[in-house]
Amino acid sequence: MLQTLYDYFWWERLWLPVNLTWADLEDRDGRVYAKASDLYITLPLALLFLIVRYFFELYVATPLAALLNVKEKTRLRAPLNPTLEHFYLTSGKQPKQAEVELLSRQSGLSGRQVERWFRRRRNQDRPSLLKKFREASWRFTFYLIAFIAGMAVIVDKPWFYDMRKVWEGYPIQSLIPSQYWYYMIELSFYWSLLFSIASDVKRKDFKEQIIHHVATIILISFSWFASYVRAGTLIMALHDSSDYLLESAKMFNYAGWKNTCNNIFIVFAIVFIITRLVILPFWILHCTLVYPLELYPAFFGYYFFNFMMGVLQLLHIFWAYLILRMAHKFITGKLVEDERSDREETESSEGEEAAAGGGAKSRPLANGHPILNNNHRKND
């Protein structure tokens with residue numbers, strides 16, 4: 001049964017154009033082709049990335065945070081209260097008004113004291129500014145190096161300038177070592193992001209991030225299986241071109257360099273819009289949708305690859321909407337917090353009075369990939 005499933009999964013008609021078989025892609029005469037077994041190395045490499053990340057955050061990002069004067073806010077701890085702690089752990093972190101009144105009677109505290117306790121308890125669980133800075137530093141370093149390396153891999157290739165050459169001779173396209181390692185490192189990094197997402201700072205777009213990572217892993221892996229390597233290198237370099245700008249803006253944001261953060265964000269927004277909403281759909285997607293049909297009839301691999309590209313493009317549109325909304329608030333002078341982060345709930349008397357009429361009020365929960373906090377002294 002397993003052999004039957006294996007045979008169906010690797011059926012040539014799923015992965016290759018008509019009249020081609022896996023035998024056509026066997027290494028010969030010094031020419032090397034992409035093979036599924038090549039990707040086994042990405043899992044141990046992903047674990048290696050996690051180890052390197054640990055030491056990077058400890059010995060590079062942490063001293064850098066101190067150099068940039070990344071400071072933590074003093075957080076008041078919630079006093080020990082078994083009744084409220086049990087509710088917090090089992091029922092919810094933000095009790096409704098009726099639950100606040102019930103907890104008030106059970107604990108012997110006033111309603112305002114219960115609300116204050118839950119605010120402080122939520123703040124205890126929020127990730128520290130240093131943790132956010134270290135994560136952003138790691139991603140910035142990788143994306144910057146990956147972008148430079150990716151451009152070095154493809155900038156001298158003829159298909160970088162003429163996208164019809166992406167499909168020249170497809171799928172009998174020999175690999176070169178730089179393409180192999182570019183693919184292995186990129187895929188390994190996204191595996192490491194998926195492995196660590198549960199322990200990383202949880203954003204409001206948590207679900208979108210999981211979808212993005214899974215879609216990216218599937219897309220990179222499938223493009224390798226189906227020998228879409230030339231198109232894949234273009235797509236990966238295109239994505240890395242803006243990601244390092246976003247992470248650097250976050251780093252300066254956490255350090256309190258608001259003007260630098262805002263200026264980098266504007267550059268990021270321009271690059272993001274150009275690469276994700278112009279170049280990707282009108283050049284790359286056109287290349288993967290139209291040009292292959294000039295050479296062979298559509299097959300499953302063609303449809304699946306472009307379907308996954310469509311999923312990524314929908315995420316890009318979603319995030320671009322939030323970027324444009326942020327840009328509008330820059331222009332109108334209405335600066336906002338990072339809408340993906342948990343808001344730091346203050347303990348000021350003004351905050352207490354604002355909360356006196358009910359539970360802690362939450363900000364709009366728009367899930368923006370790129371939206372940044374522009375005043376970290378008030379917010380996470």
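Heads up, the Cβ atoms here are built off N, Cα and C, so glycines get one too.
As recorded in TrEMBL:
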type     : residues : note
DNA_BIND : 69-129   : DNA-binding region
COMPBIAS : 344-353  : compositional bias 'Acidic residues'
DOMAIN   : 67-128   : domain 'Homeobox'
DOMAIN   : 131-332  : domain 'TLC'
REGION   : 338-380  : region 'Disordered'
TRANSMEM : 45-68    : transmembrane segment
TRANSMEM : 140-160  : transmembrane segment
TRANSMEM : 180-198  : transmembrane segment
TRANSMEM : 210-228  : transmembrane segment
TRANSMEM : 264-284  : transmembrane segment
TRANSMEM : 304-324  : transmembrane segment
Per-region confidence, the domain 'TLC' (131-332) (mean pLDDT, whole number): 90
Chain residues outside the transmembrane segment (210-228) and at least six past its termini with a C-beta under 8 angstroms from it: 15-16, 25, 33-34, 36, 38-39, 170-171, 173, 183, 186-187, 190-191, 193-194, 197, 235-236, 288, 301, 304-305, 308-309, 311-312, 315
Other parts of the chain folded back onto the transmembrane segment (45-68), taken as Cβ under 8 Å at six or more residues beyond its ends: 130, 133-135, 137-138, 141, 184-185, 188-189, 191-192, 195-196, 251-252, 254-255, 257
